[in-house]
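Chemist: Encoded as structure tokens, here's the structure I'll be asking about.
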Ligand SMILES: NC(=O)N[C@@H](CC(=O)O)C(=O)O
Ligand SMILES: [Zn+2]
Ligand SMILES: [Zn+2]
């Protein structure tokens, strides 16, 4: 039984770092584990332009210790008014790495999202041309569609068309939660990939709803049936390059989650690697962990893997019940549970 594991320093291909005090409270947790991260733009107001992404990048760097070994990779939030020329310029100037498609009102701070996706075709064309990656929150918001079906329907209604129409556009189906999502990524060319969160590898919908409603297990897309969780575990641990690590760490104040209308999002940044690693060990796939965490995402984004490394050691530890994010209490994923691995050095 392996007692320690050393891998290239991993990257997080989907994270919410927020802004202000919350940013200062949570960004160090991500920078501790990851060399780079794709930073989501769903602030209020959202980060919609190259200039806003540049300014946000500066705020992130200012929120971290000067010696942090961390590079934020910036994204722009697509809206009905996105300017293809500005996005292409952002990519060419090295400010933007990706742009994010949120269907309007799909998730936290997505009220400005896109109302008619087909109208964005000129934007997708400019992204395909300039090499900007399209990151997708893949859920329809049609009130007729059951929340547990929203990912599968999004793929049918929108994603298949986008991928067919823009065959050179690199597309990431973020936080895949269904076997349909897994099959879509597997059935597409190598310009299409998926990120998988730790929570969707650990939790099914029973974990959220049986024996009491657990707001800290609620995120979007919502956890699905057990068969979907099993499909995700298989995809993540398979060693294929098309699925890679994206935590979707999404902190909300404890009071906003433990509420009559609780916010969606799970704060998993503090022990994300430990959480994923436990899954790889349980699936007998420790040998594929480095490729999922540290190699495949970089390769997809056309970046080289990090030079430095991190070591995880086998050591039981209890996850704190609450973490103080510069004055805001936030409940971390696995709060109160014992994890088997611990990040030793980075
Ligand atoms: N995942 C979530 O449940 N919430 C995210 C938004 C998102 O990624 O959809 C957030 O910003 O809080
Ligand atoms: Zn999302
Ligand atoms: Zn997210």
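Glycine too: its Cβ is placed from the backbone N, Cα and C atoms.
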Chemist: Please identify which of 55, 125, 207, 264 is recorded by TrEMBL as part of the substrate site containing 16, 17, 18, 42, 137, 220, 252.
Modeler: 264
Chemist: Let me know which member of 158, 175, 200 TrEMBL also records as binding Zn(2+) 2 at the site of 100, 137.
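Modeler: Only hit among 158, 175, 200 in TrEMBL's Zn(2+) 2 site, alongside 100, 137: 175.
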Chemist: 14, 16, 100 show up in TrEMBL as binding Zn(2+) 1; which entry in 146, 149, 248, 256 does that record put in the same site?
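Modeler: Matched candidate out of 146, 149, 248, 256, per TrEMBL for Zn(2+) 1 with 14, 16, 100: 248.
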Chemist: Enter the number of other CB atoms within 10 angstroms of the CB of residue 137 (substrate binding site).
Modeler: 25
Chemist: Among 100, 175, 248, these being the binding-site residues, pick the one whose CA is nearest to that of residue 18 (substrate binding site).
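Modeler: Among 100, 175, 248, 248.
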Chemist: So if I take the binding-site residues (16, 17, 18, 100, 248) and measure from each Cβ to the nearest atom of ligand 1, which come out below 6 Å?
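Modeler: Among the binding-site residues listed, those whose Cβ sits under 6 Å from ligand 1 are 16, 248.
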Chemist: Output, ordered by sequence, the same-chain residues six or more apart from residue 16 (Zn(2+) 1 binding site) with a CB under 8 Å from its CB, or 'none'.
Modeler: 39, 40, 42, 108, 248, 249, 250, 251, 265
Chemist: When the Cβ positions of the binding-site residues 17, 18, 137, 252, 264 are compared with the atoms of ligand 3, which fall under 6 Å?
Modeler: none
Chemist: Scan 17, 100, 252, 264 for binding-site residues whose C-beta lands under 6 Å from an atom of ligand 2 and note them, or write none.
Modeler: none
